[in-house]
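To keep things clear, I will list the structure first and then write my remarks on it.
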Amino acid sequence: MAAKDVKFGDSARSKMVAGVNILADAVKVTLGPKGRNVVLDRSFGAPTITKDGVSVAKEIELKDKFENMGAQMVKEVASKTSDVAGDGTTTATVLAQAIVQEGMKFVAAGMNPMDLKRGIDKAVVSLVGEIAKIAKPCATSKEIAQVGSISANSDSDIGEIIANAMEKVGKEGVITVEDGKSLNNELDVVEGMQFDRGYLSPYFINNQDKQIAALDNPFILLFDKKISNIRDLLPVLEQVAKSGRPLLIIAEDVEGEALATLVVNTIRGILKVVAVKAPGFGDRRKAMLTDIAVLTGGEVIAEEVGLTLEKATLDQLGQAKRVEVGKENTTIIDGAGEAATIQARVGEIRKQIEEATSDYDREKLQERVAKLAGGVAVIKVGAATEVEMKEKKARVEDALHATRAAVEEGVVPGGGVALLRARATLENLKTDNAEQEAGVKIVLRAIEAPLRQIVKNAGDEPSVVVNKVLEGKGNFGYNAASGEYGDMLEMGVLDPAKVTRSALQHAASVAGLMLTTDCMIAELPEDKPAAGMPDMGGMGGMGGMM
């Protein structure tokens, strides 16, 4: 086991604070509408340029092990806030640094760190309650666009495109972000349910211009096994042929004789049919087939529930207004399922989302909800260079998370104003002793830090602005983008309540742990002896001449 270096008391804390300051100083230059960029070196390819706090934080590794521990703890604040709220990482870092710096003064003065932490925790609980009271619901498209713009560092185009996307696919819809091909941002909306499986044979194509197979008012056969024997399929095919409507077959696979017969029938014009593989794998495939059945008002023909392909009837088939099948995707538009059944299925999947343990499962379940409930919107990010594309894409993703958070818990006045207005709740807060009261004072001072940093980055005098904002009431604040004072909500400077709350909670949690630290242990770097010359066989023991 390697030898360890141990530091106690002030020498440990001073090292930790130094690490906190290095990381926070690098991150906080990005805060606010006039925040600056940070350039990150890459071992290959062009450097990355970012204004995203968590991206900067993740890059920082310090040589000094004790300083690095402090930096890593603040990094945890940024990444945790990013995970929960999707934005507010810089605000969280600034708050953590402020609480640590203020708190260390009291610790150095000999106060009990545990009571200070209890005071900080009480203050934060009180502030979080007040932020929830201040929050207003974020319902209109205009408010969603404003939240998106602020989060994307005052880029109104990004805010508007996100608001449009949410309007088209609903608040629950899936919105994905991809690299675009042009210089401008574009929005593509896929209506209906789309899944990533295409036609099994190009002979099914009936629209040569678009290279798709389009079926109007088709029946939809859902089968959970492979279809290779045409005899099993014949009864259904005959019933569909009599009805004169096209047929979409979704099965685990359609192969051999069955596929060949379907292709021949299509080419001869006897029956308009398209076969595709079922989406997903294993249990997820079964679930997705059931989703399609609910959406189209059909049943999954599965042997485990006593249904067989040869006995399938038209009543068991799903229906839709239109189906488009491309090489890689199938889209079912306007399924014939009943609204109440679809809503019940959505509710069922939402319960699974609450119980899901992994992010991957949660994401896949949310996609299924969106496909049933609304649709899927794709924002294609446009930029002139790859470096700009990466930076812009990260901002769009941040803005998307922020707007979702705003819809969830409402909005508060932005620019650090919400925290200053919530401080009124701390003035009459009851504490058990003077040291806990000092903990409350630490938070009172720290919640000014985000506004101070925004003003500093804008090139103005922080103390003057903070005093003027404190003199005002309600939503009165300072708009750093225009240099004006006024009603923050009217000026469109909004923050999601969830982002402000998460930033404060995570900052206080980690900063409280740092204040109560009295010992730090790190591995000592090993001094490796210089390697001797290798044994030069046959030269009579001249090996270790070094």
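Each residue, glycine too, has its Cβ placed from N, Cα and C.
Summarising the annotation, Swiss-Prot assigns ATP binding site to 30-33, Lys51, 87-91, Gly415, 479-481, Asp495. Same-chain residues at least 6 positions away in sequence with a Cβ under 8 Å from that of Ala480 (ATP binding site) are, in sequence order, Gly32, Pro33, Lys34, Gly415, Ile454, Val455, Asn457, Ala458, Asp460.
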Three states by DSSP: which one describes Asp495 (ATP binding site)?
strand
May I ask you to report the DSSP-based helix, strand or coil state of Thr90 (ATP binding site)?
helix
I'd like the number of other C-beta atoms within 10 A of the C-beta of Lys51 (ATP binding site), please.
21
Among all the protein chains here, how many other CB atoms are within 10 A of the CB of Gly415 (ATP binding site)?
25
